[in-house]
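Colleague: From Swiss-Prot, for reference:
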ACT_SITE  Asp36  active site, proton acceptor
ACT_SITE  Asp188  active site, proton donor
BINDING   Ser9, His83, Gly159, Phe160, Gly161, Gly162, Asp188, Gly189, Gly190, Gly210, Thr211, Ser212  substrate binding site
BINDING   His34, Asp36, His83, Asp188  divalent metal cation binding site
Amino acid sequence: MVKPIIAPSILASDFANLGCECHRVINSGAEWLHIDVMDGHFVPNITLGQPIVTSLRRAVPRSQEEEKASGEVARPTAFFDCHMMVEEPEKWVADFAKAGADQFTFHYEATKDPLSLVKLIKENGIKAACAIKPGTPVDVLFELAPYLDMALVMTVEPGFGGQKFMPDMMPKVEALRTKFPHMNIQVDGGLGKETIGVAAKAGANVIVAGTSVFTASDPHEVISFMKEEVRKELKAKHILGDETKH
């Protein structure tokens with residue numbers, strides 16, 4: 001069983017006020033933060049590295065239990081979903097696990113041995129996910145999926161935010177949902193109120209949304225709308241899980 005998850009992409013946030021921006025979207029209903037890591041090689045853009053994740057983890061702890069143990073005033077908590085658009089992702093696993101990542105999403109196209117990489121990620125105590133670019137066929141994930149915590153179908157070309165959603169990627173989502181009904185399936189790129197219905201109907205339950213959330217005058221309304229669209233489709237497919245569990 002799966003539940004609706006909205007993961008605002010911090011690539012669309014005001015980096016001068018990153019901690020406050022993250023608190024704002026978490027307080028608006030987001031449980032995950034999507035952290036895009038780009039190296040300028042696998043994709044042409046360069047974004048951020050593990051020092052930012054380390055700093056952000058201090059501002060956004062994993063859980064209230066962790067907060068209570070520290071004795072500090074409770075702050076918003078979130079799951080850190082690190083999307084690694086990098087060459088040789090293997091060499092970054094330990095650093096990002098130490099920095100505070102909860103999930104390490106590598107690109108299928110960036111590694112020669114995806115199964116060994118999944119094992120390495122899990123040995124470092126975090127969740128493992130695999131992403132595919134728009135030009136990569138979905139069936140490359142079928143053998144790997146039983147070992148994954150999540151699959152990511154890119155709905156734009158990776159590397160830059162603010163691109164238009166590619167609806168022709170939805171058959172990939174449908175194929176994954178049919179074969180793996182209880183798996184987290186994420187879509188990333190161009191998601192907002194206008195496109196969420198198509199993605200939800202295809203079977204996506206983890207929605208990366210950047211500009212549509214961070215630039216909204218009312219991010220709570222946007223997040224709530226998208227969650228409800230996903231919830232309706234998961235319920236119709238009889239795979240809606242308990243949303244009180246984290």
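For all residues, glycine too, the Cβ spot is worked out from N, Cα and C.
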Colleague: Count the Cβ atoms, other than its own, that fall within 10 Å of the Cβ of Gly190 (substrate binding site), considering every protein chain shown.
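Modeller: Gly190 (substrate binding site) is surrounded by 22 other Cβ atoms within 10 Å.
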Colleague: Round to the nearest Å and give the CA-to-CA distance linking His83 (divalent metal cation binding site) with Gly190 (substrate binding site).
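Modeller: Here the two Cα atoms are 16 Å apart.
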Colleague: What whole-number distance in angstrom separates the two most remote CA atoms of the substrate-binding residues Ser9, His83, Gly159, Phe160, Gly161, Gly162, Asp188, Gly189, Gly190, Gly210, Thr211, Ser212?
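Modeller: Across Ser9, His83, Gly159, Phe160, Gly161, Gly162, Asp188, Gly189, Gly190, Gly210, Thr211, Ser212, the widest Cα separation comes out at 19 Å.
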Colleague: Measuring CA to CA, name the entry from the recorded positions His34, Asp36, Asp188 that ends up nearest Gly159 (substrate binding site).
Modeller: Asp36
Colleague: Restricting to the chain of Ser9 (substrate binding site) and a gap of 6 or more, list residues whose Cβ falls under 8 Å of its Cβ, or answer none.
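Modeller: Spatial neighbours, sequence-distant, of Ser9 (substrate binding site): His34, Ile35, Asp36, Gly161, Asp188, Val208, Ala209, Gly210, Phe214.
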Colleague: What is the number of other Cβ atoms found within 10 Å of the Cβ of Asp36 (active site, proton acceptor)?
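Modeller: By my count, 25.
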Colleague: Can you tell me the three-state DSSP label for Gly161 (substrate binding site)?
Modeller: coil
Colleague: Using the Cβ centroid of His34, Asp36, His83, Asp188 as the reference point for the divalent metal cation site, which residues of the same chain not in that list have Cβ within 8 Å?
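Modeller: Apart from the listed residues, the neighbours are Ala7, Ser9, Leu11, Ile35, Asp81, Thr105, Leu152, Val208.
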Colleague: Give me the long-range Cβ neighbours of Thr211 (substrate binding site): same chain, 6+ apart, Cβ under 8 Å, in sequence order.
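Modeller: Same-chain residues close to Thr211 (substrate binding site) (Cβ under 8 Å, separated by 6 or more) are Ala12, Gly161, Gly162, Gly192.
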